[in-house]
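Asks: Next up is a structure, given as structure tokens.
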Amino acid sequence: MSTRISRSVYADMFGPTTGDRVRLADTDLIIEVEKDYTTYGEEVKFGGGKVIRDGMGQSQVTNKDGAADTVITNAVVVDHWGIVKADVAIKAGMIHAIGKAGNPDIQPNVDIIIGPGTDIIAGEGKILTAGGFDSHIHFICPQQIEHALMSGVTTMLGGGTGPSHGTFATTCTPGPWHIGRMIQSFDAFPVNLGISGKGNAALPGALIEMVEGGACALKLHEDWGTTPAAIDNCLTVADDHDVQVMIHSDTLNESGFVEDTIKAFKGRTIHAFHTEGAGGGHAPDIIKVAGLANVLPSSTNPTRPFTRNTIDEHLDMLMVCHHLDPSIAEDLAFAESRIRKETIAAEDILHDLGALSMMSSDSQAMGRLGEVIIRTWQTADKMKKQRGSLPQDSSRNDNFRVKRYIAKYTINPSIAHGVSKLIGSVETGKMADLVLWSPAFFGVKPDCIIKAGMIVAAPMGDPNASIPTPQPVHYQPMFGAYGRALTASSVVFTSQAAAAGPLARDLGIAKALYPVSNVRGGISKKSMIHNDATPTIEVDPETYEVRADGELLTCAPAEVLPMAQRYFMY
């Protein structure tokens, strides 16, 4: 016997369905469910008196014969490819299926089998996303990794050796010895990790040594001398070994101007860090490279979005991070040349146009690694408020804008760094690196972080309490973050040369090495999903005004942001 219930009652019980809309945190961003893979009247739900019981929603099928290890029920999946309601199956640490779960012996349309060996994560009323990828990490301290993980980031790529002055300023791990020691340390951390070697050299030998020693990318940084010769040599080595190059160009224009750097690229693919320029790069016009077909541009989060406080906080940050002395006039001039309200305002709009493709942190080096996700959505909200709906969206929802912005910290850095076959989206066949959110806390405080199919972190109440919820509630590492479960649930990204050689054996590591691939001529700006715009960008050298295809890009700084003090005491 069937019965009819209201949409609100249905949503309370099983989560939103097709046509229902959900607000993301306290922003003005609204998503609308595009499709529901579940079957009305046959939904599965766990709990006392609920559906997933033996002989009902749970079948007799063994895991060996096809039952899932874990099913996330009735979640709203938000990803670059769509916004849908579905059950999501995890098997052997991978995303096995996105569809309708249940017992095929008694239920129709079942493509995910729940058996006695299946665990359940309740996704009703929740949003499910891919784990975030922060591709601009200064590995200054190991405590960073837990902070990033608790924010929903499950993959980190960068360079450094700890709190050395080279690491404070540059995302480079210099030399094979340091690279090897850093990779050995990675066995302690429950996230995917990759090392960028120092790319500043005019001859190839030292760079080849680092790539073969385990680096998955090379980083050119002005503090080590990003000259045209170093750029050309680094890109040549990268082409030979299929690794990505990231660049922080010459702020002082000592060895050339932005045109000279572009010439040194020779049309080759390169990932441009903090493309606006406050984080470093040719002053005042490095932002021009965001319009080039071979440049994969990203932002770092301290300039995201442009607010009334952005300019004031940057000067002190820069002096500390780049070992500058405020009593030296030249050091002060160097710092002031990098901080321009005009280019920071333009950065907001270029993100909204899809001309800036990725978001990252610049952790502890003019960036906050726990705020990559928050600041992405704050930027999206600011642009919705100031620019209205995108042409691709309707008055009902912001689905396209949401897909554009989520791609900036999930699939696009995964493509840029050659790991999109493994991570970066909620798609079958990929590692189950997933984050579950309550809509009211979306992008701010996750409900649950899943790493390769195992819960690795979550908010947890007093361990001595009679139930899991009593205060104090803290984010805590879970069983997936301990022992051999940790090393079995995450990987180290390396070059193909390193993965194919004896590196893992020589270093004695437990984590698997995963080789990056297809990061050179096989990708370009057009590979950046929903973020592939290539406008002609011009910067006035006197006023710093930025134009894209002749249109002035300017916006007011935000006075108030969402996802801020409503959620945090400090």
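Every residue, even glycine, has its Cβ placed from backbone N, Cα and C.
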Asks: May I ask you to find which of His274, His282 Swiss-Prot records for the Ni(2+) 2 site already listed with Lys219, His248?
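Replies: Swiss-Prot lists Lys219, His248 binding Ni(2+) 2, and from His274, His282 it also lists His274.
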Asks: Given Swiss-Prot annotates His136, His138, Lys219 as Ni(2+) 1-binding, which of Asp362, Asp381, Asp393 belongs to that site as well?
Replies: Asp362
Asks: Starting from the Cβ centroid of His136, His138, Lys219, Asp362, the recorded Ni(2+) 1 site, name every other residue in that chain with its Cβ within 8 Å, sequence order please.
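Replies: For the Ni(2+) 1 site, the extra neighbours are Ile137, Gly158, Gly159, Thr170, Thr171, Met246, His248, Phe273, Thr300, Ser360, Ser361, Ser363, Ala365, Gly367.
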Asks: Can you tell me which recorded positions out of His138, His221, His322 are within 10 A of His248 (Ni(2+) 2 binding site) by Cα, answering none if there aren't any?
Replies: His221
Asks: Go through His136, Lys219, His248, His274, Asp362, our binding-site residues, and report the one whose Cβ sees the most other Cβ atoms within 10 Å.
Replies: His136
Asks: In whole Å, how far does the CA atom of His221 (substrate binding site) lie from that of His322 (active site, proton donor)?
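Replies: For His221 (substrate binding site) versus His322 (active site, proton donor), the Cα atoms are 11 Å apart.
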Asks: According to DSSP, which of helix, strand or coil covers His138 (Ni(2+) 1 binding site)?
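Replies: For His138 (Ni(2+) 1 binding site) - judged by DSSP and reduced to three states - the answer is strand.
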Asks: Calculate the distance in Å between the alpha carbons (Cα) of Lys219 (Ni(2+) 1 binding site) and His322 (active site, proton donor), and round it to a whole number.
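Replies: So the Cα of His322 (active site, proton donor) lies 16 Å away from that of Lys219 (Ni(2+) 1 binding site).
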